[in-house]
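*Asks:* So that we are looking at the same thing, I have put the structure below in structure tokens.
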Amino acid sequence: MGEVVEDSATAPPPVSAPPMQTQAWGTISLTVAFVWQLYTLGLLVKLHESTETGMRYSRYLQLFSATFGDKMANIFAAFPIMYLSGGTCVALIIIGGGTMKTFYQIACGASCHGKPMPLTTVEWYLVFTCAAVLLSQLPNLNSIAGVSLVGAITAIGYCTIMWIVSVTEDRLDGVSYDRVRPVSNVVWIFGILNSYGIIAFAFRGHNLTLEIQATMPSSEKHPSHVPMWRGVQIAYVIVAMCLFPLAIGGYWAYGQKIPENGGMLAAIYMYHGRDTSQAVLGLTSLFIIVNAVSSFQIYAMQMFDDMESKFTSRMNRPCPWWLRAISRAMFGYGCFFVAVAIPFLGSFAGLIGGVALPVTFSYPCFMWLKIKKPKKHSFAWWLNWVLGISGVVLSVLVIAAGVYVVIDTGIKVSFFKPQ
């Protein structure tokens, strides 16, 4: 929950902090981020349809371009949006491939004890990537509605199972919530900022909101933002019911003993593998794999759409099926290469969250100010300026921390060596 645990061989004696104090700061950070991103998501939903022209903006970049111009969009919005999509796909390969390895160990059971794994971690990444690339041949968001539904159900399933197992098995013996400070305060601060990047990464998805809303019917009497906002509220109630128990319960159960790689599932498998039903562990792993494969399609679709729309605009003809298949496969295997190069998810997720943070927390506020033009110095005017500027400043700090943590972790763990 926002604390970075350094290697005990190089860290000074820990500075104690009451368990609830440490957990409270993590919970407060998570709650602030949750409310903040829900507010900006509401702004995007309302900005989808122009009240003046009636035009519907079905892409985040399209809305940004219409608000600030193409040049500003290319400089400030294009890279974070595409980086978020590509970076999320890389993270999903790390999660999905690693969980496939765990699932095999659970399914194989005692018969594989002491025997070498048939596949290396890199090969498990490749198996997952092949499955994701095969499913990515579905043409658009409408065609993957069923895949998205399966992903949502499995996400609810594995989150619920993990926090219930962690809490019911009670806290580990000797679990510690003590704060560990590195030798340098700069490293400690960077670790905290990187954790904020991970929280921002957890709330990614604003770049896809307008595309989802564009699939809904809309008219002057029945604008799409009404049912869309209702759906968002219901969805985020479910998200909160999954996310907060998982974060709070996981920290309470494992404290500093939670593994740096693998997270909650690795902790459950490590500490409760013998006293938890293998069927439960296997089902949880399977849910994570299915969710990762389905999520890959949703986040990659924005990259696919961008590549294919550029071909169509330049060649004045639809993208042929064989070129679409090749380009999507190249994207998938490109993400695989990055996943192998930077396999430490905790560090990489913080950097992704930092780069994409303005997309979620800042840009919607600036676009709302530009389009709606609220009364100067009114509450709404101050609120959106403060949130927008705060998001940009936080993004710069988190990116600096993320770059440092990725380089530092890469030196310690080594690049191109997935565990």
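A Cβ is built for glycine as well, from the same backbone N, Cα and C atoms used for every other residue.
For reference, TrEMBL lists these features for the protein:
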type     : residues : note
TRANSMEM : 24-45    : transmembrane segment
DOMAIN   : 26-407   : domain 'Amino acid transporter transmembrane'
TRANSMEM : 75-97    : transmembrane segment
TRANSMEM : 147-166  : transmembrane segment
TRANSMEM : 186-203  : transmembrane segment
TRANSMEM : 234-254  : transmembrane segment
TRANSMEM : 279-300  : transmembrane segment
TRANSMEM : 321-342  : transmembrane segment
TRANSMEM : 348-369  : transmembrane segment
TRANSMEM : 381-407  : transmembrane segment
*Asks:* Can you tell me which parts of the same chain pack against the transmembrane segment (234-254), counting only residues 6+ beyond its ends and a CB-CB cutoff under 8 A?
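*Replies:* Residues packing against the transmembrane segment (234-254) from afar: 1, 23, 26-27, 30, 34, 38, 155-156, 159-160, 162-163, 166-167, 169-172, 175, 177, 202, 264, 267, 271.
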*Asks:* With the transmembrane segment (186-203) as the reference, find which of 147-166, 279-300, 381-407 contributes the most Cβ pairs under 8 Å.
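*Replies:* Ranked by Cβ pairs under 8 Å, first place goes to 381-407.
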*Asks:* In the same chain, who gets a Cβ under 8 Å from the transmembrane segment (279-300) while lying at least 6 residues past its ends?
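*Replies:* Same-chain contacts beyond the ends: 84-85, 88-89, 92-93, 95-96, 99-100, 102-103, 106-107, 128, 131-132, 135-136, 138, 141, 144, 147-148, 150-151, 154-155, 157-158, 161-162, 165, 208, 265, 268-269, 273, 328, 331-332.
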*Asks:* Against the transmembrane segment (75-97), which of these stretches has the most C-beta pairs under 8 Å: 24-45, 147-166, 321-342, 348-369, 381-407?
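*Replies:* Stretch with maximum Cβ contacts: 348-369.
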